[in-house]
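A short write-up of the structure that comes next.
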Amino acid sequence: MIHYVTPDLCDAYPELVQVVEPMFSNFGGRDSFGGEIVTIKCFEDNSLVKEQADQPGAGKVLVVDGGGSLRRALLGDMIAEKAAKNGWEGLVIYGCVRDVDVLAQTDLGVQALAPHPMKTDKRGIGDLNVVVTFASVTFRPGEYVYADNNGVIVSPSPLKMPE
């Protein structure tokens, strides 16, 4: 597993990276993560998050545009454990998570807005692999996202940590 340091990536690739507004906190067991973007757009319904966690995710990060809702958690321990088991590098969630003590022990990167104890309704509503924009950055499927305790950045191409 590669350890990413977003300040070093910003210094090495200033013309490539976009910095996501600093509103996210680390809830996962990995201090840093990065990979190819897979997007989901959903609102208070994590059906697609659950479906994608069941898919192979090596080298990929699930970017979830939850509309910034602070009323429901889009990720909990069971989905996070499935995502980790299926090789996902992490998730960036414009929304909330729950079971935060378990998430902190799970081998998965998780950046989200806040904890919230209430689960979502599963109605099967949402869009997969669409362009999403939040926190002043546009996330496109197939581009790359990197995250650590300093922040979240996006690049159109993969970045290597400087020597």
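Here the Cβ of each residue, glycine as well, is placed from N, Cα and C on the backbone.
If you look up Swiss-Prot, you'll see GLY76, ASP77, MET78, ILE79, ARG98 marked as substrate binding site. Annotation source Swiss-Prot lists divalent metal cation binding site at ASP99.
When Cβ neighbours within 10 Å are tallied across all protein chains shown, the highest count among the binding-site residues ASP77, ASP99 belongs to ASP99. Across the residues annotated as binding substrate (GLY76, ASP77, MET78, ILE79, ARG98), the widest Cα-Cα separation comes to 11 Å.
Using a 10 Å radius centred on the Cβ of MET78 (substrate binding site) and all shown protein chains, the other Cβ atoms total 12. With respect to their backbone Cα atoms, ASP99 (divalent metal cation binding site) and ILE79 (substrate binding site) stand 11 Å from each other.
Sequence-ordered, the extra residues of this chain that approach the substrate site, with Cβ no more than 8 Å from the Cβ center of GLY76, ASP77, MET78, ILE79, ARG98, are ALA73, LEU75, ALA80, GLU81, VAL97, ASP99, VAL102, LEU103, LYS119. Counting only same-chain residues six or more apart in sequence, the Cβ atoms lying under 8 angstroms from the Cβ of GLY76 (substrate binding site) belong to VAL97, ARG98, ASP99, LYS119. Spatially close to ILE79 (substrate binding site) yet at least six residues away along the chain are ASN46, VAL49, LYS50, ALA53, judged by Cβ distances under 8 angstroms.
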